[in-house]
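Colleague: Below: one structure in structure tokens.
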Amino acid sequence: MILKAKCFLERIVCFGTSLIILGYSVYRLFVSSRSSVNLDLLHLRNASLLQDWSLMQDAAEIQWTLLPIWMGFIPYLLIYSVMSSLIFTLVNKKIFRCSRIILSIWLISYLVGFKITIDILLNLLSFLCTSHLVSGNSFLIWAFGVLMFQVSEFFISPTSNNESSFNLGSASYDWYIILYAAHFNIILRSLSVALSLHKLSDNNKSSAKLTEKIGSIKSCNPIFSLETLLNALDYSLYPYALLLGPLVLYSDWVNFWANLDSLHSNHFYQSTSLKTLFSKLISLVFKAIRLLFWSSFWSLCLCIVYPNSFGHLIPHAKLSELTTENELGQYYIIIDRGTVGASIYLRCLHLFITYLQFYGWPYILSNLECLLIHLFHKLSIIVRSYKNNITTTNQIRDSCNDLNQLHVSFIPEPPACLLHFLLVSECWRSFDRGLYNFIKSYIVIPVMKFKLPSTCKHSVLLTFFPMMKNWLALTISYSFVLLYHGIDKTNAIWLFTNLLLLFSERSVKWVYRHTNFGSEIRYQLSDEWIRRLSLLLCATSGIFSALGNMYFLLSLKAANQLFMWLIHDPTLRLTVFVYFYCQLNVVTDLRNIFPSLRPQPERKFNDMQQEE
């Protein structure tokens, strides 16, 4: 009883400490944001919130300025969802594919111009031709993909001296960034098509060898056929996740629509009930309201405090208690420790809310389209049954009412909140799920399938080879992420930091689970002390992860300045560590109370192979 009381008191102290540190830091950021000295240096814009009432909003982060443009596409995408669902219900499979391809081309050309459509077609055809010419060799397909990334980075990068292929004339820089991001998503989609066809070709060859052994005759559909081309075009032109993501695997796309096509041959009693469909529709409406709330709320927050602007101006600031400048007159920003801490904290939260919008709306729109297909199919069956004078009441009642059996989307879920993570691996798995699935399917699983030759079966190699494969898969995966985001110094430091932290995390887990030292810790220490020790390690990892992310989110000079402050300022260093420890303690308790906050555990390689 005394132990439980002490643990409860410890939880209260951690919760209160984290709340006090966070509240004080946000207050100091608010004071700095209202300073007349700082207002002249911050990157702000006039944000019209209501008629005849406007505020200055933080505009130092380019992705947030893209959100109004993206939100303007949503009404057109809603119309696209309804039209696509009706076409699916009224016509057969091939006509539906052709009709939706035409509809997608028209919509994309209308919203962002015909150049992006040409970009899609050229990339898809180039990857398909390359896959055919190299006979589906995955290494050569990857080599061509790397070449396309490098050529694109050289010719259309915002920092390139060459004239952009997306020359938009008088169009804004925001539009250029949208098309720039869309181009690399197009390359990833085309690469997914080529690699998926290569995998399908290998499976067909294996099946052919098996049928030859058992002496049976089996006809296989050719890989490069008209149906394959239509599927690839439909996948590449799918508009919801085209511009800013998330990434969808081509194999997931094909499997999902193949299952959905079976609706045309289903009997009435196999269809989903109206109650289930409307329950799912209500759930989608609440998710859309949630996205609108967070967008509006965060827009208002950026009118009160300016974390992005202060983050980018950190290299020009002096860390002191509201000191305007030093003896040399070199510093001009009023900033203190609380302002720095709140800027970094809210900058990370800003990243989550931004991608919650970019990835959340495609998820909702895709769900809505598939849900409308189910609904229109259900209504068409009811209409036909009434025409045939068939009683439907009992059949509707007996239909499946389980929401878990209704799969209405292939697009990955939007990112989980960064504040819910304890480990670096959880962040990489649960933030950009589409990119994670791409890396897992096309990099990690192929690398983990490597086997030692029969002549190299030494016991030492057999012991360390799985670990070496694991590390090799991680290194190649992070190298691909570096290629995708652009090869420069800041991205390299960001990824190298996270790679080291991930290596450290897996090493600590391995020592704890598979060594005598780990067994001794489990035997000697109580659960509470193991929890405290784990949170200390997680807090240390979280600090370095946040610092590494600042290289990606801010700049090299800003992140270096933060690193020097952490080294030379013991007060800042202690405060940051205490806050991370207390906050992770609170997150652990919240995850125990609300299991839905806990990310899905990382599956082992054997489980991944079963998915394949």
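Note that the numbers count up from 1, one per residue, in the order the chain is shown.
For all residues, glycine too, the Cβ spot is worked out from N, Cα and C.
Per TrEMBL, the features are:
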TRANSMEM  12-30  transmembrane segment
TRANSMEM  73-91  transmembrane segment
TRANSMEM  103-127  transmembrane segment
TRANSMEM  139-156  transmembrane segment
TRANSMEM  177-197  transmembrane segment
TRANSMEM  237-260  transmembrane segment
TRANSMEM  281-307  transmembrane segment
TRANSMEM  359-377  transmembrane segment
TRANSMEM  493-512  transmembrane segment
TRANSMEM  533-554  transmembrane segment
Colleague: Where, among 12-30, 73-91, 237-260, 281-307, 359-377, do we find the most CB pairs under 8 A to the transmembrane segment (103-127)?
Modeller: 237-260
Colleague: Most CB pairs under 8 Å with the transmembrane segment (359-377): which of 12-30, 73-91, 237-260, 281-307?
Modeller: 73-91
Colleague: Are there residues at least 6 beyond the ends of the transmembrane segment (12-30) whose Cβ is under 8 Å from a Cβ of it, and what are they?
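Modeller: Counting only partners 6 or more residues beyond its ends, the transmembrane segment (12-30) has Cβ contacts under 8 Å with 304-307, 310, 336-339, 341-343, 345-346, 575, 578-579, 581-583, 585-586.
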